[in-house]
């Protein structure tokens, strides 16, 4: 099952947001801004093909009437505000996997981009900021590829990392390279194994893609029946690479329910359950695509009552601690969670518009997560200071209660 997940083609449904400084920088010429974004995404897509990832632009949001958040040269608060806005506003308007803020502001120091690491599919953290630096779009595209790489679990390259170019995409300094290093590929693989983000398994609808249609870019767009890439590289006998139409007699060219150009018979499982909270999906016999992922109702007990189902998963603090600090880690003692009452530094429940709010006593297990590494009595309250160090939504925080919006609420609360 894990190998099947790792081998599957991934799809990142991307929204790019241009801030108001971008609007003024290009003298309110929205056509030029959209053209620049399309050019950036074309290169971004090309870069990620080597990772078996298709990047599809499904939305462009241009802040013509002023910024929706406080955009400043300080990257950390700006990224946090952008993530909050994405969760509360953008996701409610447009289904997507990741959002990148393209800003005309000069970011602090030599910084031209910033993103959370290992955060793909997370409502608040699957975001990045990219400065529109340089006259050509090539370096901006490489910068966005770098920040997206962080979201996909890649860290900065070390001196020992190599690729086919003099420098690689995840170099700590800006590089014109289109190549990922061996370290980046290993980082990404480890991230997929440990986090298995599910949203990137879903292929975008052809009607969702907003960039101009191109036959030969591996993305199924309006007017196409298939797209197996450029003519010189297509290896799919079911698809005519020159026309992006199915070959004679073919019902399909790809998909979890497509085999040798024909629909797989009804009843064959195409998506096994990933946890006891998930439900298996089967082919219908009428489509190449696996039906929409379904799961058991939120709030159903799981893992021997250690947790409650939430969107197909069973989030518990123990597994979150292991993901952060590795095997041999457990949840810290209850007293550690009282740090979340402070409302200072990294110890809080909520952060909004650069302000942090302490947890109420009953909500301390919905703020920062605290873990203990086996036999380490020197640091009994370990924590991760980034946003992925917060307790996950849907996690059990008390008997009959789960974390929702950083509050410990009744498990049956909508």
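Count begins at 1; order follows the chain as displayed.
Just so it is clear, glycine is given a Cβ too, placed from its N, Cα and C backbone atoms.
Summarising the environment of residue 147 (active site), the number of other Cβ atoms within 10 Å of its Cβ, over all protein chains shown, is 23. A helical conformation is recorded for residue 147 (active site) in the three-state DSSP classification. Residues or ranges marked as active site in Swiss-Prot: 147.
Look at Swiss-Prot and you will find 146, 150, 156 tagged as Zn(2+) binding site, backed by similarity to another entry. All protein chains included, residue 146 (Zn(2+) binding site) registers 26 other Cβ atoms within 10 Å of its own Cβ.
Within 10 Å of the C-beta of residue 227 (Ca(2+) 1 binding site) there are 24 other C-beta atoms, taking all protein chains into account. In the three-state DSSP scheme, residue 227 (Ca(2+) 1 binding site) is classed as coil. According to Swiss-Prot, the feature Ca(2+) 1 binding site maps to 214, 217, 221, 224, 227, an assignment based on similarity to another entry.
Per Swiss-Prot, the feature Ca(2+) 2 binding site maps to 278, 281, 293, 294. Residue 281 (Ca(2+) 2 binding site) falls within a strand when secondary structure is assigned with DSSP.
According to Swiss-Prot, the feature disulfide bond maps to 121-199 (among others). According to DSSP, residue 121 (disulfide bond) is assigned to coil rather than to any helix or strand.
With a 10 A radius on its CB, residue 161 (disulfide bond) counts 20 other CB atoms from all the protein chains. As annotated by Swiss-Prot, disulfide bond applies to 161-183 (among others), with the evidence given as similarity to another entry.
Under the heading disulfide bond, Swiss-Prot lists 215-244 (among others), citing similarity to another entry as support. For the recorded site, residue 244 (disulfide bond), the DSSP three-state label reads coil.
Sequence-distant neighbours of residue 239 (disulfide bond) (same chain, 6+ residues apart, CB-CB distance under 8 A): 225, 226, 227, 228, 245, 246, 247, 250, 253, 254. Residues or ranges marked as disulfide bond by Swiss-Prot on the basis of similarity to another entry: 226-239 (among others).
Look at residue 261 (disulfide bond): DSSP puts it in coil. Sequence annotations record features per position, and here Swiss-Prot assigns disulfide bond to 238-261 (among others).
Residues or ranges marked as disulfide bond in Swiss-Prot: 252-258 (among others). Contacts of residue 258 (disulfide bond) defined by a Cβ separation under 8 A and a same-chain sequence distance of 6+ are given as 238, 251, 252, 264, 288, in order along the sequence.
As annotated by Swiss-Prot, disulfide bond applies to 257-283 (among others).
Positions annotated as disulfide bond by Swiss-Prot: 270-290 (among others). Secondary structure at residue 270 (disulfide bond), as computed by DSSP, is strand.
Residue 314 (disulfide bond) falls outside any helix or strand according to DSSP and counts as coil. Taking a C-beta cut-off of under 8 Å and a sequence gap of six or more, residue 314 (disulfide bond) has these contacts in its own chain: 275, 276, 277, 302, 303, 306, 307, 308. What Swiss-Prot lists as disulfide bond is 302-314 (among others), and the listing cites similarity to another entry.
If you look up Swiss-Prot, you'll see 321-371 (among others) marked as disulfide bond. Taking all protein chains in view, 23 other C-beta atoms sit within 10 angstroms of the C-beta of residue 321 (disulfide bond). Secondary structure at residue 321 (disulfide bond), taken from DSSP and collapsed to helix, strand or coil, is helix.
Taking Cβ-Cβ distances under 8 Å and a sequence separation of 6 or more, the neighbours of residue 381 (disulfide bond) in its chain are 332, 333, 336, 339, 370, 372. The disulfide bond annotation in Swiss-Prot covers 336-381 (among others).
The disulfide bond feature in Swiss-Prot is assigned to 366-403 (among others). Within 10 Å of the C-beta atom of residue 403 (disulfide bond) sit 25 other C-beta atoms, taking all shown protein chains into account.
Rounded to a whole value, the Cα-Cα separation of residue 150 (Zn(2+) binding site) and residue 244 (disulfide bond) is 33 Å.
By a simple count of nearby Cβ atoms, those within 10 Å, the most crowded of the recorded positions 7, 70, 217 is 217. Cα-Cα distance from residue 261 (disulfide bond) to residue 214 (Ca(2+) 1 binding site): 23 Å (rounded to the nearest whole number). Around the Cβ of residue 215 (disulfide bond), the same chain contributes 224, 227, 241, 242, 243, 244, each under 8 angstroms and 6 or more positions distant in sequence.
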